[in-house]
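Student: Below you'll find the structure I mean.
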């Protein structure tokens, strides 16, 4: 085991990483361009979160390697033949990743993407295996969301996003070309970004954090802490609202519905009064904020202006483009992370911003990885979900929200910030100590 000070340092660094996940500080060592415009999905970058993760992985590895119990377990597994299937599966999985890089029509892009994918697996592992308690890890993640919600509120009411290269933030305003805005009778309104590349990413991050906060509320036993947490939850709800992300709103609704369904089948875990209280405050907050900003909500809900209609039209166009790309290699895909370049090869006359992944993670996985790998991922994912549900049924609500959001946006699997966010979500969901006892 690590010396006490190093063990505490490792826990602190993990908490810091969970807090800083939204900030995309990076060094761009190889900027990429298509048709004269910046191409995000082909750009080579080293992220601050990667460097911090590397230190945590090293400390975690030493923590286990210096533990006699760990080596004794390895020895026993070898002698008894236990976990041989797991080891063989992991080996095959690793060789499978290498195969997909070599098979890719654009190996350079796939190599970079696979490296992020492996880092994400390591991140999930260190989150799940950390000596920090589930509550400590969730609090660190939740505090990061609280900070993002405060930033989102400031951005909406000031109607600007201030650029900061150290935090990975680009300048945005309602008058900026390409900025995410809402058109209403009162003019153009800038949606909140937080420190994310677009509002939908902020939305799902806050929606998931709110669900974790709700489960944390059920776990806390003292009223002062519950009141403090509830106050923070209000800020997170407001931040989510001002992202004006329909996908994130619906994802939260799906997650909350899952919580209710799970509670009805596990009523002995949480008393009715404790369970109902936060939902009452959610409904009241939703009614108040909706009535105050209905003029901004209605265009998003009813798709009642040209901007919203164009957004829907672009989604249909993406489906048509996807149908052509998926036919290139249905069985094995065009290569992990290579969708946007495959799109460029198919049509080289579009502006750079049009070369982006389809806004659906399931279609994106099918196009990049093919039918074979998609089927393997599905089986592995179902096994993971079953494990999560058996260990703590309420945590499946976070997964359902994540899954639903994937129907409408690609961020959770296409960019480093989204990939690491997804890794944290699953790491917290399979964390060894789980939720534990709740009132």
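Note: Cβ is positioned from N, Cα and C throughout, glycine not excepted.
Per TrEMBL, domain 'O-antigen ligase-related' is recorded for 234-378. The transmembrane segment annotation in TrEMBL covers 12-31, 51-71, 83-102, 108-129, 138-157, 198-218, 225-242, 248-266, 278-297, 361-382, 394-413, 419-436.
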Student: Counting CB pairs under 8 Å, which listed stretch among 12-31, 51-71, 138-157, 198-218, 394-413 touches the transmembrane segment (248-266) the most?
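Tutor: Stretch with the highest Cβ contact count: 394-413.
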Student: Out of 12-31, 51-71, 138-157, 198-218, 394-413, which stretch has the largest tally of CB pairs under 8 angstroms to the transmembrane segment (108-129)?
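Tutor: Looking at each of 12-31, 51-71, 138-157, 198-218, 394-413 in turn, the most contacts to the transmembrane segment (108-129) are made by 51-71.
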Student: With a Cβ cut-off under 8 Å, give me the same-chain residues at least six positions beyond the ends of the transmembrane segment (12-31) that come close to it.
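Tutor: For the transmembrane segment (12-31), the list is 38, 43-49, 52-53, 55-56, 59, 123, 126-127, 130, 132, 136-137, 140-141, 143-145, 147-148, 166-168, 194-197, 202, 205, 416-417, 420-421, 424.
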Student: Roughly where does the domain 'O-antigen ligase-related' (234-378) sit in mean pLDDT, to the nearest integer?
Tutor: 92
Student: If you run through the domain 'O-antigen ligase-related' (234-378) with DSSP, how many residues end up as helix, strand and coil?
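Tutor: Its residues divide into 110 helix, 0 strand, 35 coil.
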